[in-house]
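In Swiss-Prot this protein carries:
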type: DOMAIN; residues: 14-235; note: domain 'tr-type G'
type: REGION; residues: 23-30; note: region 'G1'
type: BINDING; residues: 23-30, 100-104, 162-165; note: GTP binding site
type: BINDING; residues: Ser30; note: Mg(2+) binding site
type: REGION; residues: 79-83; note: region 'G2'
type: REGION; residues: 100-103; note: region 'G3'
type: REGION; residues: 162-165; note: region 'G4'
Amino acid sequence: MSIIKNPTESALKKPHLNLAIIGHVDHGKSTLTGRLLLETGYVDEKAFAELEAEAKKLGKEDFKYAWIMDRLKEERERGVTIEAMHVGFETPKYFFTIIDLPGHRDFVKNMIVGASQADAALLVVSARPGEFESGVGPQGQTREHLFLAWTLGIRNLIVAVNKMDVVNYDQKRYEQIKGELSKILKILRYDVNKVPFIPVSAVRGDNIKVKSSNMPWYNGPVLLEALDAIEPPPRPIDKPLRLPIQDVFSITGAGTVITGRVESGVVKVGDTIVALPPAKVGDVRSIETHHMKLEEAKAGDNVGINVRGFERQDLKRGDVVGHLNNPPTVAEEIVARIAVLEHPTTIGVGYTPVMHVHTATVPTQIIELISRLDPATGQTVEQKPQFIKRGDVAMVRLKPLKPVVVERFSDLPALGRFSLRDMGRTVAAGQIIEIKPAKVEIKR
């Protein structure tokens, strides 16, 4: 039995939003996530009572909420349920799916795949002295995660200033953190007036569901209210079907199941679909979300699709599904506008980082530096520069060294924005302006 309850039918009828929970290690992402699930009634009471007793016995009572997530991770690793990849909770208005649960080995890589599907991000920062500072420092993940969230198109951002109990609910500390983060957010072009900064304690439950009496100085929304007030992003239902594959499973008695989020268009039971780059064709047998069978899935839905004609070994994460009469675009070359976030020296032609685009990762070479742009205006300041460096914005021509599906950012942002990573850091982020398509033969 899973520690997490499955959503009810009425919950699944609410509009769906994907929530990425981001922030520096040890700032309390897991504890806050566990607390959110508990407060919204999505944790099995009996299983949680066992965790509580265990935590008490070990003198680690404060760990019980984070342990909800650990237990879930164990369930996943044992392969308990296929849809355990999507854990959710509901507010009066929405059903939220928490994507990319905290605590994976290569967190930033997973964060990119997860955030590329997110409608909103919850940034968790610790108020504990030293912890906040290391998160926004040069090696800190707070800054990097925020940059990635912006680049990946997440405009709905909520900041939870966590561990307020550790600083005795000090308003000055909260204001200081809010001030420093606001500076970073302004540089990234977030509208700071639209970003709620909520002082919380995940361990004590302050300002999660009900207003805390420990912080009478705070007059804003509690966390669940702020989540409920998110503006849903537009769903490109009228565009061609594009579904980047997150995972491929082979299920005994059922066949091949692909999971992922429909980024555009609609897919119905009985449709003939194609997965590219491998150019495999199949028919949709059934569609499921959170244990519920659907006749169709549309942009914004997280689904598992059982496909006749697909074999597990033919497909992988990062392949993209579309309809046979309007297949996804495999790129031979890409023209993109990139912003260099971090690089120790300079970047020239021949540089080959790894591109992360939707759920795909592919080594990609810069084959031409077309121009350097003014970051503020976007105007060209130099044609054919010899090199680009940290802080520069440039138009570049890229060649993926393995086949990959992308779309122009102007056509479909979810498949048109990417980041470039190298040496474990995010070097640059960009948007795809033009594509030279590769020749692909699709055989039925």
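Each residue, glycine too, has its Cβ placed from N, Cα and C.
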Worksheet, complete the sentence: Its residues classified by DSSP, the region 'G1' (23-30) shows 2 helix, 0 strand, 6 coil
Fill in: In the chain carrying Gly23 (GTP binding site), residues 6 or more apart in sequence that have Cβ under 8 angstroms from it
Lys29, Leu123, Val124, Val125, Gly135, Gln141, Thr142, His145
Discussion item. If you count CB neighbours within 10 Å, which one among the binding-site residues Lys29, Met164 has the smallest count?
Written reply: Lys29
Response to the item:
Most isolated by CB count within 10 A, of the binding-site residues Asp26, Ser30, is Asp26
Item to complete: Rounded to the nearest Å, what's the C-alpha distance separating Ser30 (Mg(2+) binding site) and Met164 (GTP binding site)? Just drop the number here, would you?
Response: 16
